[in-house]
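A.B. asks: Encoded as structure tokens, here's the structure I'll be asking about.
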């Protein structure tokens, strides 16, 4: 059945070339909405801890199913939010833009359902090409070329050690199937080979998350990318690193309880704290949201390295919740940029008086971003905090201060953008469009559904 989703994306790309120009945007949204519905139907019964083999190389389980659904769910939302870019593009440019989003969605479906390490690596690298095109072609400023260079350098060259590790695994185990490799190396792998695999592979995953210290490409890419690129990058592409760590963590189990693992947990939690402090100092709205993603993903990486059931469940919950919240924040920031022409918080103040209904969406998303009850972010952060304290109680001050600063910059986003007197240059802005309320509502709807029944996936995992 996973082949159905992949073939559907191929059909979407083909149909995009044939749709009349006056129906291109609506047709693309309709097709991507059908893909979202199809993913919910196909993956409805896959919330169990075991693999659901759909072919010899594709499968889904508790880890991959929510991320696949999230990828399909955000595709139509990204197109809805990209109406401004499509209006300013030619007919050919609009078709290429839509096809790039479809290609990224299809590649993500294969990535999250891949059973082969080499297929996983190839498809992850494939997602870089359309993302680079979105950044360099539809970026807002001339710095987009430099942002694309940073993006390719960090993600492409950072993942080359993973290819070396995959070759070493194949030589050692004669198999690249993820379940087989987990069994073979977890039982028969030497400490030296496992340590080498650890050192080589986490560099790739740290770049993709990214954690603090490997993050220099992310703010540049987010600031220069179009709204669809920022939404997909923050919501899905950053989760590939966390997914890879969660999927292959069994390879690390024999050396997990040592100083290296604890050092990485301390490194990730300390990075989350430093990033939260950096967020408080930001004046650019998109850069602030981008740095907040680095902080959240650093906490996710620390939880995965704890290798506890609570840590894994909290990491998965926070990845899904952060994907929805960060995507919504970037789309709302784009609505401000389209009206004011700037992302500086000092200029975009007083929006509550100009766009009163949008203030509600800003309030809900900022509250979810800081982990206000009963948001899924809070549930994930509680599980992660519990797992980290079980490793060392001395991690509590670091994570605690990171959460405090996270609350500060989340409230700062809302206060600086919505409160105060509007700047004179943005007083005569046009009112909100219905499509803007639509994509904001489509972001908050899954969060509400997770709030209603947050533990269904976690109970299935524990079983």
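Including glycine, each Cβ sits where the backbone N, Cα and C put it.
The transmembrane segment feature in Swiss-Prot is assigned to 62-82, 98-118, 119-139, 151-171, 198-218, 232-252, 260-280, 285-305, 310-330, 353-373, 404-424, 442-462 (among others); the stated evidence is sequence analysis.
Could you give the neighbours, burial and distances for every feature on this list?
C.D. replies: Distant neighbours of the transmembrane segment (119-139): 57, 85, 89, 93, 96-97, 100-101, 103-104, 107-108, 110-111, 145, 147-148, 151-152, 155-156, 159, 162-163, 166, 178, 208, 221, 224-226, 228-229, 232-233, 237, 240, 244; these residues of the same chain sit at least 6 beyond its ends, with a Cβ under 8 Å from one of its Cβ atoms.
The list of residues near the transmembrane segment (151-171) in space but at least 6 beyond its ends in sequence, with Cβ under 8 angstroms from a Cβ of it, reads 117-118, 121, 124-125, 128, 131-132, 135, 181, 185, 193, 196-197, 200-201, 203-208, 210, 214, 216-217, 220-221.
Beyond the ends of the transmembrane segment (260-280), by six or more residues, the same chain brings 195, 198, 202, 211-213, 215, 252, 288, 291-292, 294-296, 298-299, 301-302, 305-307, 388, 391-392, 395, 398-399, 401-402, 405-406, 408-409, 412 to within a C-beta distance below 8 angstroms of the stretch.
Sequence-distant contacts of the transmembrane segment (310-330), counting only residues of its own chain at least 6 positions beyond either end whose CB sits under 8 Å from a CB of the stretch, comprise 62-63, 66-67, 70, 74, 77-78, 222, 227, 230-232, 234-236, 239, 242-243, 246, 249, 286, 289, 292-293, 296-297, 299-300, 303-304, 361, 365-366, 368-369, 375-377, 379-388, 390, 413, 439-440, 443-444, 446-447, 450, 454, 457-458, 461-462.
Residues 292, 321, 325-326, 328-329, 332, 335, 381, 403, 406-407, 410-411, 413-414, 417-418, 422, 426-427, 429, 431-432, 436-437, 440, 443-444, 447 of the same chain lie 6+ residues outside the transmembrane segment (353-373) yet bring a C-beta within less than 8 angstroms of a C-beta in it.
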A.B. asks: Residues of the same chain, at least six outside the transmembrane segment (285-305), with any C-beta under 8 angstroms of its C-beta?
C.D. replies: 205-206, 209-212, 215, 218-219, 221-223, 230, 234, 238, 241-242, 245-246, 249, 256, 261, 264-265, 268-269, 271-272, 275-276, 278-279, 311-312, 314-315, 318-319, 322, 326, 329-330, 333, 336-337, 343-345, 348, 369, 381, 383-384, 387-388, 399, 402, 406, 409-410, 413, 417
